[in-house]
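K.L.:
I have a structure I would like to understand better, so I am pasting it below and will then ask my questions one at a time.
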Amino acid sequence: MPSGFQQIGSEDGEPPQQRVTGTLVLAVFSAVLGSLQFGYNIGVINAPQKVIEQSYNATWLGRQGPGGPDSIPQGTLTTLWALSVAIFSVGGMISSFLIGIISQWLGRKRAMLANNVLAVLGGALMGLANAAASYEILILGRFLIGAYSGLTSGLVPMYVGEIAPTHLRGALGTLNQLAIVIGILVAQVLGLESMLGTATLWPLLLAITVLPALLQLLLLPFCPESPRYLYIIRNLEGPARKSLKRLTGWADVSDALAELKDEKRKLERERPLSLLQLLGSRTHRQPLIIAVVLQLSQQLSGINAVFYYSTSIFELAGVEQPAYATIGAGVVNTVFTLVSVLLVERAGRRTLHLLGLAGMCGCAILMTVALLLLERVPSMSYVSIVAIFGFVAFFEIGPGPIPWFIVAELFSQGPRPAAMAVAGFSNWTCNFIVGMGFQYVADAMGPYVFLLFAVLLLGFFIFTFLRVPETRGRTFDQISATFRRTPSLLEQEVKPSTELEYLGPDEND
């Protein structure tokens, strides 16, 4: 009997449709609740910027005492705000190095459960910051929720990738990004002044992140652990068999279990690499460079600058209701993530990434032109909105969801944990740089700031075109062959791969 974890060809050569069980749906939904929180905390800090800055001003004045200045120095306020935004990424940078250790020690499911302690604590601190008259507490809360998000950014794709059926591997993997953008959109809507973006309710707006954390704590115990973790890492055949049965809906999972046994045998022959060994390995240097550059192409594209400071950008463009325009960008973000879900297994990772980079570069140039002409041509404010919407749409077609797919597929089991740590650290470091530095760069460059991103996007496009292989439909042996300078393997007939190969071993390097 075919298992839900295999892709067994039918008589006409077409792969069969595999069952999507209720357990699989519950497990994926429960996992991506973490990604929803990740996105929420990216977007939530934008809309209430003015009222939070007013709170910072009141706190600062209260500490000066009578006879002090009548307002906080602008430089101090800018620094406090930039730190409030960027400390989120510092937490992510630090925790991203712990993904491999925690996922191996606790398992995928229990690691996600334990991670919610950071979410609850961070949300509580942010919610209490105003009452405590302490911007330090808010910044600490942002740090903790960033640490939560750093772990989530690795744990969720790992878990979903290991439980996904083959024919849905790409689509279910992209749901991680979809949950992130939905979280951003929810934060933007709730951040409106007519909702929670007021001087009295903004602490509640920041604290709401506790709710999906509690929901995940409630649902995850009913979900199975990754069968790959149970058998290959923990050597627990009975629990792995039970997990496979729940996920696939089949009574006989012997084929899937045999697949796990074969993978375990290969893993025993492949030496895991430490971080230092990976960095010093000539064999893995090229795929590691590709993995890092693709992460840079995501974060240095300018997308986080748009979401962190979108309200300010729309105000600069002369939009009368910038908060609503920001929500419009969030809707576009969500819609085009759905488009990526539909296209990722059809068009290919490399093609979508190139399309996204090219489109974002064009929109960045258009945005610059619109901002420069705004004073002479007021209608340019509408052009700037179109440019931002297009910028967001092209991001979600390619640079948003694609880089993590490539990282997972470029490396076999031995170097993969270290490679994901390097890629994750690169991603979060750039996130921090943009969050901390964009406001200063924007003040210095004015309307020309997005030309800087256009130049970077062009460079990433050229690199992707010249160096990044297409990985869709190819086995890890074929992908690895491109880095051994034997491209002839890529011309061979592509054999079906399985979702367990998504994070499984391929060869003994």
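FYI, residue positions are counted from 1 along the chain as it appears here.
Here the Cβ of each residue, glycine as well, is placed from N, Cα and C on the backbone.
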K.L.:
Which of the listed positions, SER71, SER488, does Swiss-Prot note as phosphoserine?
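P.N.:
Checking Swiss-Prot against SER71, SER488, the phosphoserine entry points to SER488.
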K.L.:
For the D-glucose site that Swiss-Prot gives with GLN298, GLN299, ASN304, ASN333, GLU396, TRP404, which of GLN74, GLN104, GLN177 also belongs there?
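P.N.:
Record source Swiss-Prot; matching candidate: GLN177.
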K.L.:
Test of record reading: of ASN57, ASN427, which one does Swiss-Prot tag as N-linked glycosylation site?
P.N.:
ASN57
K.L.:
Does the record in Swiss-Prot have LEU140 and THR198 facing the same side of the membrane?
P.N.:
yes
K.L.:
By the record in Swiss-Prot, which of SER10, SER281 is the one labelled phosphoserine?
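P.N.:
Checked Swiss-Prot: the phosphoserine annotation sits on SER10.
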K.L.:
What parts of the chain pack near the transmembrane segment (324-344), using Cβ distances under 8 Å and only residues at least 6 beyond its ends?
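P.N.:
Sequence-remote neighbours of the transmembrane segment (324-344) are 43, 46-47, 170-171, 173-175, 177-178, 181-182, 184-185, 188-189, 192, 306-307, 310-311, 314, 352, 385, 388-389, 392-398, 400-402, 405, 472.
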K.L.:
With pairs 6 or more apart in sequence, are the transmembrane segment (143-163) and the transmembrane segment (446-466) linked by at least 3 Cβ pairs under 8 Å?
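P.N.:
As far as Cβ distances go (cut-off 8 Å, pairs 6 or more apart), the transmembrane segment (143-163) and the transmembrane segment (446-466) do not touch.
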K.L.:
Return the residues near ASN304 (D-glucose binding site) by Cβ distance under 8 Å, restricted to its own chain and a separation of at least 6 in sequence.
P.N.:
ILE42, ASN431, VAL434, GLY435, PHE438
K.L.:
Return the stretch with the most CB pairs under 8 A relative to the transmembrane segment (288-308), choosing among 112-132, 354-374, 385-405, 418-438, 446-466.
P.N.:
418-438
K.L.:
For GLN177 (D-glucose binding site), just count the other CB atoms lying within 10 A of its CB, please.
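P.N.:
A count of 24.
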K.L.:
By Cβ distance under 8 Å, which residues at least 6 away from the ends of the topological domain 'Cytoplasmic' (103-111) in the same chain are close to it?
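P.N.:
Residues packing against the topological domain 'Cytoplasmic' (103-111) from afar: 151, 154-155, 158-159, 162, 220, 223-226, 229-230, 233-234, 417.
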K.L.:
If one measures from the C-alpha of ASN333 (D-glucose binding site) to the C-alpha of SER274 (phosphoserine), what distance in angstrom results, rounded to a whole number?
P.N.:
37
K.L.:
Short question: most Cβ pairs under 8 Å with the transmembrane segment (418-438), which of 25-45, 82-102, 202-222, 354-374, 385-405?
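P.N.:
Between the stretches 25-45, 82-102, 202-222, 354-374, 385-405, 82-102 has the largest tally.
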